[in-house]
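Taken from TrEMBL as is:
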- 10-400: domain 'Major facilitator superfamily (MFS) profile' (DOMAIN)
- 48-66: transmembrane segment (TRANSMEM)
- 78-97: transmembrane segment (TRANSMEM)
- 103-124: transmembrane segment (TRANSMEM)
- 136-160: transmembrane segment (TRANSMEM)
- 166-186: transmembrane segment (TRANSMEM)
- 216-240: transmembrane segment (TRANSMEM)
- 252-270: transmembrane segment (TRANSMEM)
- 282-302: transmembrane segment (TRANSMEM)
- 308-329: transmembrane segment (TRANSMEM)
- 341-365: transmembrane segment (TRANSMEM)
- 371-392: transmembrane segment (TRANSMEM)
Amino acid sequence: MPQPLPLSPRFLFILLGALAGLTPLAVDMYLPAIPAIARDLATSIDGAQLTISAFLGGFAIGQLFYGPLADSYGRKPVILAGLTMFAIASVGCAMADSLPELLAYRMLQAAGGAAGSVVVNALLRDLFEKDAFSRAMSFVILVMTLAPLVAPVIGGYISAHSDWRVIFWLLVGISLLVCVVMQWKIQETLKPEHRQPLKLGQILKNYWSVLSHRGAMGYVLCGSLSSSGMFAFISASPYVYIEYFKVPTEHYGWLFGLNILLMMLVTFVNSRLVKGVGAERMLQYGLLMLPCAGALLIYNAWSQTGGLWGIVIPVVLFVGHISLVGANAMTGLMGHFPQSAGTASALAGTLRFGIGAVVGILVNLDPPQSPLPMAIAIAGCGFGSAISYWLLTGKRSAVP
């Protein structure tokens, strides 16, 4: 049974959205500064872009540890420990003098930020069930998407008018503020009788229970692959927009923000419709949109149709509908594992960011000469997301 809410729903969603928003802030705020980072650290743009994959890799690995810890010791101490690590690593990023040093601190920063992603899902599962969980998750995502909306704009202006290191000092301040408010306002939501023993055998058993569940893995993979399409865009877009299409650095954030505006609109619509329509049908709507947007993107990139806007529009359609897949896929997954929500969330997050890191590396493996490699990666993730859902969950289409 879900627990009574520890504070007002509105404040809870805002606070959890701020916690979850640290990750997109850490990823998106410094994207416009990648050329400046490359120059300052005497490396190539490809080398500087590896800091994105390093972050995603650290985030993926970190979640594997936080899931069992959150199921054993509770949600709150894991949140506070992760935020502290994030703040310390952000100081290291701000003071890094070489690319290897920045890569190491970015991985540590991501490992700290991973706590928030795992615990937000698990904490909401403690408080809400089924479609109510999807609706609550939509509200949290709606708040969280403010971060990637404003982050590239802020990062663009900082990198254009100041030092890129200011971006990381800003992340230090934001993470410490969230940590203080979490300590002050959030109560523990995991009941003692629901805590899992922190034993290696039990941890492996819990992870295997998710990996071996065909239907659950359908939800995990469709959510992971849809997000990986966004990570392909994040990794390649600084080159495609700034270098290939010659978009000014301070304008990059505005183009990036178009994706987030549609994502916010789609998330809001999901929060309103999911109670009546159901999470499964909303998920299937999203899984129809991703391959369509991906196919249009490949065509425009290959034929050079529409120039910059021929790339921007299908990317916006793709990224904007990722939240429709993510929130509702997580609802389907959590329905299978109510007693080990932290572990299930951790595995889903690990695969999401692990696959995203690999896709990010592959899309930048060779110096790109056009937007086509990015388009192929994004479309491949969209088709893979839909195929994995239909093959593994065995669900029939609920979309008319």
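Using N, Cα and C of the backbone, Cβ positions are placed for all residues, glycine too.
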Q.
When you look at the transmembrane segment (216-240) alongside the transmembrane segment (308-329), do they share 3+ Cβ pairs under 8 Å, ignoring any pair fewer than 6 residues apart in sequence?
A. yes
**Q.** Stretch among 48-66, 103-124, 136-160, 341-365, 371-392 sharing the most Cβ pairs under 8 Å with the transmembrane segment (78-97)
**A.** 103-124
Q. Any chance the transmembrane segment (371-392) and the transmembrane segment (136-160) have 3 or more Cβ pairs under 8 A, given the pairs are 6 or more apart in sequence?
A. no
**Q.** Feature contact check the transmembrane segment (216-240) with the transmembrane segment (166-186), CB under 8 Å, 3 or more pairs
**A.** no
Q.
Let me spell it out: take the transmembrane segment (48-66), skip the flanking residues so only those 6+ beyond its ends count, and list any with a Cβ under 8 Å from a Cβ in it.
A. 23, 26-27, 31, 34-35, 37-38, 41, 78, 82, 99, 102-103, 106-115, 117-119, 231, 234-235, 238-239, 342, 345-347, 349-354, 356-357, 360-361, 364
Q: Please figure out which one of 216-240, 252-270, 282-302, 341-365 racks up the most CB pairs under 8 Å against the transmembrane segment (136-160).
A: 252-270
Q | Mean of pLDDT values spanning the domain 'Major facilitator superfamily (MFS) profile' (10-400) | A | 85
